[in-house]
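So the structure is just underneath, and the comments pick up after that.
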C-alpha cells in the first residue's frame, strides 16, 4: 500500500487552490421581508446609503428611501410583480444616474433615461447623478438675458430671464401646457436647448405634445422625459430630477437650457403616495413634512452660472461663457385656490408666477393671463430694450380697465376720460389675445405694443383689433422688412426706429384695409 506524504497532500491542495479561478465580491446582502404596492422592506442591509440603488434578482432595481433600525424601506423602480418574500437584495454602492448629452435631443425617454420612442438605443452617452446639489451663491450670476416666450402678454408684462424660475399656475384645462409648449417652440432658433418633463399625464397627451413639437420644427432641440399616469409613483417622483440633470448638462458647459415641469402637483401626489406607503407621518393635506424640500431642491438647480463655474466644470475647455437653466414649473390649482399647500410652497420658491384665470379663459381671453396677480421678480432686468420701453403702459392700462369696468357696471353715465380709459383697456385686452402655436417675434410684438402705446388703435373698432394687428404685421414684414429685421437682431429702440414705425403705421392706416 502506497504511503501518502503529508507534505505532498498540502502541495496538491495548494496547487489546486492556485489554479482555481474565482472572482470574489464583497457585497452587503439582505433579505426581502415584505413586498407591497411598489415598496419593499429589506432586513440585513446594514451599510446601505440613503438613495442608494439596491439590486434584486432578475435585474430589478430599487432605491433606498427609509433607513430604519432593523430594516430598510426601498421603492422599486419599475415592475415589482416578480419580487417575493425571502429573495436576496444587494447593495450596489451606486446612486441613481441617467444618460445625459446632445444624443438625447429629439428623443422621448422615461424617468430612468431609457428611450421609449421606438427610434433605437441612445448610443454612447455619459451618465450623471439624478440628485445633485445646486450651485452655490458664489458661482451664480444675476439674470440679465431674456427668454422670449413669443407671447405678448408674458414678454411685455411678466418677462422671463435666462436662469429664472417662473411658475405657471392655474386650474385644469386653461392653457398652462399650451403656454409652455409655445415657449419651447419659440426657442427653435434661439440656441436654447429645451427639456419637457411630463409627470402623471395621459400617454395620448404626451404623444400630442411630441407631434406638435415635431410639426413646428422644435423637437430637434428638445428632450422629452415622460412619466405617464400608468407609470409607478416612484418614476413620477424621479422624472423631474432626471430631466433637471439632463438640462444641467447644457448649463454646466456654457449653454442655455429651458426646462418645463408639467406638472409638479402630480409629482407631489406621487411623493405623498410613496411616503404614506413607507409609513412616514403625514402632515397638512396628508403630504409628508419634507414636501417643501422636494420642490426647493429641484427648483434651486435652475440658475445662471458664472464664467468661472463653467471654466472650472469643463477644466478650462470652455472659457468666457455663462451657462443657464431656466425653469417653468407648472402647478394645477383646484377652483383657483392658490393658498393650498403645494401652490404656496412653489410660489415662495420661484421668482414669480404667471397666473391663468378660468373666468378670462371662458370669456375668450386667451392666453388667460391675469396681469394683476402675475409677477416676474427678476425678469425686468432681462427684458429686451424695445419691449421694455413700449410695454410700460400696458399693465397699467389693463389694471385700470379692470378696476373701472367693475365700477362702470353700476354707473349710469360716465365722463369722457373714464369712457376713453375703458375703451383703451378693451382694445389692449383684445390686443393681448393670441392663437396657440403662433409665437411672435420681437419685431412683431414691438409693432403691436407701439400701436397700442402711441394711440393708433383709438379709431379701430374693438372687434377689429385682432385683424388690424395681423394686417399691420403682414404689411410691415412685406414693405418694411429691413426695419423689422433690425429690431429682431438688436432689440434696441431709438429715434430712427420710432420714426420708421410711426411713418409706417400712418401709411398703413391711410392706404390699407383690415
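Glycine is no exception: its Cβ is also placed from the backbone N, Cα and C atoms.
Under DSSP, residue 170 (ATP binding site) is assigned to a strand (E or B) in the three-state scheme. Within the same chain, residues at least 6 positions away in sequence whose Cβ sits under 8 Å from that of residue 170 (ATP binding site) are 176, 332, 333, 336, 355, 356, 357, 358, 368. Annotated ATP binding site per Swiss-Prot: 170, 171, 172, 173, 174, 175, 176, 177, in sequence order.
In the three-state DSSP assignment, the secondary structure recorded for residue 374 (site 'Required for activity') is coil. The site 'Required for activity' feature in Swiss-Prot is assigned to 374.
A Cβ within 8 Å of the Cβ centre of 170, 171, 172, 173, 174, 175, 176, 177, the residues given for ATP, is found for these other residues of the same chain: 332, 356, 361.
Straight-line distance linking the Cα atoms of residue 171 (ATP binding site) and residue 374 (site 'Required for activity'), rounded to a whole number, equals 15 Å. Cα to Cα, residue 374 (site 'Required for activity') and residue 175 (ATP binding site) are separated by 15 Å. Cβ neighbour density within 10 Å is lowest for 172 among the binding-site residues 172, 176. Taking the Cβ of residue 175 (ATP binding site) as centre and 10 Å as the limit, one finds 18 other Cβ atoms among all the protein chains shown. Residue 171 (ATP binding site): 17 other CB atoms within 10 A of its CB, across all protein chains.
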